[in-house]
Every structure is written in structure tokens, then in C-alpha cells.
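Participant: Got a structure here, written out as C-alpha cells. Questions coming.
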Amino acid sequence: NLQVTEAELGNVSRQEAVSMIPPLLLKPEAHHHVLDVCAAPGSKTMQLIEMQHETDPNPSGFIIANDVDKKRSYLLCHQVLKRMKSANCVVICEDGALMPNMRMKDDAALRFDRVLCDVICSGDGTMREEPRHLPKWTPQEGLGLHKLQLSIARKSVQQLKVGGLMVYSTCSMNPMEDEAVVAQLLREGKGSLRLVDAHPRLPGLKASRGVSTWKVFDREMAEYATFADVPKEGPLVRALTESMWPPTEEEAKEMNLQNVMRLLPHQQDTGGFFVALIERVAEDKEEEERRRVEARAPAYKRQKMFKDEPFTFLKKDDERWDDLKSYYGIDESFPYENLFNRLIEGDNARQLFFVNESVKEFILNNMKTLSIQNAGMKMFGRNENKVEKVRYRISQEGRRHAAQVYEQAEDANPEGGHAHSATRRWKAGRQGAEGTCGYGEVRGKGRSPLTQIRQCRALRRRDEAHLCMDRPAHGCSLHRKGGENPPFETAG
């Protein structure tokens with residue numbers, strides 16, 4: 001299967017069509033601060049990153065991708081950070097319902113322009129694709145999830161700044177997981193939140209309107225018309241909450257629950273999906289007071305499997321940067337102080353990661369209160385004595401960003417010089433002189449020097465000849481005669 005193979009190789013990312021709707025409604029811009037509360041496995045986060053890069057290859061904003069499970073957070077690091085190669089993403093591991101307050105410069109509270117709250121749900125909207133779940137389904141699936149979904153959504157909407165947008169979404173058709181949660185958010189907002197009509201934003205999409213009435217059953221399929229009908233004693237006291245019931249007629253007129261989207265499977269041959277777009281139109285004073293009393297998870301939930309390694313950023317005039325700058329000819333404008341490693345003793349670091357300025361500020365102000373798994377993209381990796389002239393080599397993940405800086409440096413100084421020693425080595429390897437490989441001539445045409453520095457790593461020494469292992473691609477049979485190293489190998 002071509003799709004499965006390409007997905008495993010990381011060339012494509014497969015995603016249900018309806019699950020792509022939340023990022024399309026949010027429309028994050030390059031300068032926006034974005035929070036993805038329940039991000040794993042990361043398909044929507046990747047979509048948000050791509051949208052931020054549409055107008056600016058180096059966006060000034062950032063995306064915080066969170067998941068409560070440590071293993072799923074590691075999956076996020078692989079799917080999002082490694083594959084997307086972006087300097088504006090951070091992966092954290094926190095409980096979305098009890099997420100600590102985040103800070104920025106001067107201890108100012110961090111509020112987000114966009115929040116994606118794709119919560120855990122019963123998943124009954126996916127039964128068309130997964131029919132094996134149908135025999136196990138009951139109408140009470142939403143009873144145990146409603147309170148958890150509401151607590152996550154409540155904490156998420158608190159992170160919004162005035163004018164910011166939040167999408168609340170599930171892959172369930174149960175009103176108790178959908179409209180009931182949205183209605184309670186609007187009820188608690190007391191006019192500070194507005195339910196935006198999402199239908200005109202995607203005019204070609206077939207979607208049903210939201211509902212304002214539904215029935216509430218207990219686990220024995222006994223119906224209760226109102227919350228007052230629930231027995232005051234017994235197991236139902238904790239199982240059923242007042243927020244599960246539909247709004248009154250007066251409330252329904254103000255809430256406009258018809259503005260939400262219900263995507264039914266038969267309408268467009270997709271899975272079932274629910275989407276609500278919420279805008280913060282004003283600050284809530286009571287909510288601000290709740291923010292000051294910072295909630296944290298119980299101690300047993302905050303126990304970590306191991307201590308998170310600290311983030312150590314390069315300081316001004318770091319000798320490691322002097323080596324890298326002089327060897328690779330990187331321009332002075334490169335913000336090298338945004339490079340970091342995950343060791344206290346930075347000189348022994350095996351890798352150097354790169355983030356933009358806003359991500360650096362976020363890490364420095366929240367490193368002690370948040371469980372930050374990783375951030376940015378890997379820019380440099382230690383050579384391990386393979387090349388003596390420079391301590392670090394440019395990684396495949398960071399070569400595109402480094403190439404942009406390299407091209408700026410080359411444009412600023414077309415005559416070259418000491419700062420462009422790597423450029424000269426690259427050009428020397430492409431001249432097609434005796435003993436040079438046609439690999440650079442064919443594949444390196446028009447590319448930046450940094451993308452070619454390590455292009456001959458597929459070469460292997462055999463006696464006195466260097467045989468090119470990529471022979472089928474460009475027809476090179478013998479790389480170099482003699483005992484000297486090829487120019488690309490010398491360049492690292």
C-alpha cells in the first residue's frame with residue numbers, strides 16, 4: 001500500500017478529512033500564540049504549523065502542543081518536531097484539566113490567540129469506519145466523559161485572550177459530549193464568550209446545525225426530565241450533574257447552539273465529527289480570580305518517571321559558536337543564542353537545538369513549572385571525532401533553516417572570503433574536475449552550500465577507490481582515485 005509506506009517513511013501524514021476542519025476554522029497567523037491542549041498523535045498540530053508557515057517561513061509566534069500521557073508526548077516529539085523541522089513548536093506534558101498558568105517576559109500571564117481543544121470522547125462518530133465498536137455502544141458512553149471534557153474545555157477557554165478563538169471538537173455525536181459542554185461554557189462565561197457561526201467559514205462543507213434539546217438517561221436507561229428529578233442519595237448523585245441537561249428556552253435563544261457544526265458520516269462519506277467555534281469577547285472578573293488561585297494536579301499525578309533535563313541556551317561569545325561560524329561561514333545575523341542543549345554541562349552536549357525568540361522566552365519563563373519535553377528543531381549534531389576541524393555537523397533537520405541564513409550571507413558578500421570557506425569547498429566539489437563525483441553536479445544544482453556539505457555521506461572507502469553508493473541515481477561509477485579524501489567528506 002503506497003499510502004501506508006509513505007506514511008511510515010514520514011513523507012506524508014494521513015488524516016481523516018473531517019479532523020482537518022478545526023485548524024481551518026482557527027486560521028492561525030504567523031505571529032499568533034497557539035495552544036493545542038490534547039495534541040497527540042499530532043496530525044492537527046502539524047496542520048497548524050504548516051498554516052503558520054504559509055505567509056512567513058520563519059514565524060514569530062509559536063505553538064504549544066500538550067498531552068497528558070508521557071509516551072504520547074514522546075510520539076508528539078517524533079511526529080511534530082522531527083518531521084516538521086520547525087523552530088516555533090514546543091511539546092509539553094500536562095493535564096489539560098489542571099494546566100498551570102503559563103508566563104512570559106516580566107512574569108506577564110500568557111494568553112493565546114488560538115486554542116484547539118480536541119478532547120477525549122466516546123468516538124461513536126467513527127463507527128462507520130470501526131463497526132466492531134457498535135455492539136459495545138450504549139447511550140451512557142458520554143456520562144463518564146462529560147465532566148472530564150467540561151473540565152478540559154473550561155481550563156482551555158481560560159487561556160484565551162480577548163478576541164481569541166477556541167475550537168472545541170469531538171468525534172462523537174452524543175449531545176452530552178458536544179452541545180452540553182458548549183452550553184455550560186457559555187453559561188459560566190456570563191457574556192464573555194460568544195459562539196461563532198462556523199458554517200459560513202467553510203461554505204462548501206455539508207454540515208448539520210447543532211441541537212438545543214436532548215434527553216438524559218442513567219445507566220439503567222431511566223430518563224430524567226430535569227436535574228431536580230435525580231434522587232438526592234445514591235450513585236446517581238455523582239454520576240449526573242446539572243450541566244448535562246439542555247438549556248432553557250431563554251438560554252437557548254442567547255447561546256445560539258445552532259451555530260455549531262455536526263458532520264454526519266452519510267453526508268460526505270466521512271466520519272462523524274462535532275465542531276464548535278468560541279470567541280472571547282470580554283474578560284471575566286470571576287475567571288481572572290480563579291486564574292490567580294493556580295490549580296495543580298494531585299501530588300500522585302504529578303510524579304514523574306524521571307526528572308526533565310534542563311534547557312541550557314548558548315551564551316554570548318560561546319566558543320562552540322565561534323567554531324561553527326568560522327567553519328561553515330554562517331552570517332553574523334544568525335541568532336545563535338537561541339541554540340540550546342539538554343545538559344547542564346553544555347560542552348558535552350551531543351546535539352544543539354534551535355528555537356525562535358518567542359519559544360526561547362516561553363521556555364525560560366516556564367521551565368520550572370511545566371514539564372517541557374522538547375522544542376524546536378535539531379540544528380547541529382556532534383561529530384564524534386569523525387571530522388577534526390569542527391566539533392558539530394549540520395543535521396538534516398536543521399539544514400533548510402541554516403541554508404536560508406547561508407544564502408543571505410552569500411548574497412551580502414558575493415566575492416566570498418574567509419567567512420565563506422564552506423561555500424568555496426562546496427563550489428570546488430561541483431566543478432566536475434578530475435576526481436570529483438557527479439553527485440554534486442546532478443543533485444546539488446541550484447542548492448545552497450549547506451544542503452550539500454554532507455551529500456556524499458553515502459560514499460564508502462574501499463582500498464584506494466571511493467565507490468559512490470548512489471550509482472543508480474546518477475551513473476557515477478568511481479568517485480575518486482588516489483588516497484585523498486573527497487572534498488565533501490573533508491567539509492564534514
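Quick reminder: no glycine exception, Cβ is built from N, Cα and C everywhere.
Features from TrEMBL:
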DOMAIN    1-281  domain 'SAM-dependent MTase RsmB/NOP-type'
BINDING   Cys38, Ala39, Ala40, Pro41, Gly42, Ser43, Lys44, Asp67, Asp95, Asp118  S-adenosyl-L-methionine binding site
ACT_SITE  Cys171  active site, nucleophile
REGION    410-440  region 'Disordered'
Participant: List every residue in the same chain as Ala40 (S-adenosyl-L-methionine binding site), at least 6 positions away in sequence, whose Cβ is under 8 Å from its Cβ.
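Facilitator: In sequence order, Asp67, Asp69, Arg72, Ser73, Leu75, Leu76 meet the Cβ cut-off.
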Participant: Given the model, what does the mean pLDDT over the domain 'SAM-dependent MTase RsmB/NOP-type' (1-281) come out as?
Facilitator: 92
Participant: When you measure from the Cβ of Cys38 (S-adenosyl-L-methionine binding site), how many other Cβ atoms are you left with inside 10 Å?
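Facilitator: That number is 19.
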Participant: Do you know offhand how many angstrom separate Gly42 (S-adenosyl-L-methionine binding site) and Cys171 (active site, nucleophile) by C-alpha?
Facilitator: 16
Participant: Quick one: pull the CA-CA distance for Asp95 (S-adenosyl-L-methionine binding site) versus the residue listed as 'active site, nucleophile', whole Å only.
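Facilitator: Asp95 (S-adenosyl-L-methionine binding site) and the residue listed as 'active site, nucleophile' have their Cα atoms 20 Å apart.
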Participant: For the residue listed as 'active site, nucleophile' and Cys38 (S-adenosyl-L-methionine binding site), determine the Cα separation and express it in whole Å.
Facilitator: 13
Participant: Starting from the Cβ of Lys44 (S-adenosyl-L-methionine binding site), draw a 10 Å sphere and report how many other Cβ atoms land inside it.
Facilitator: 23
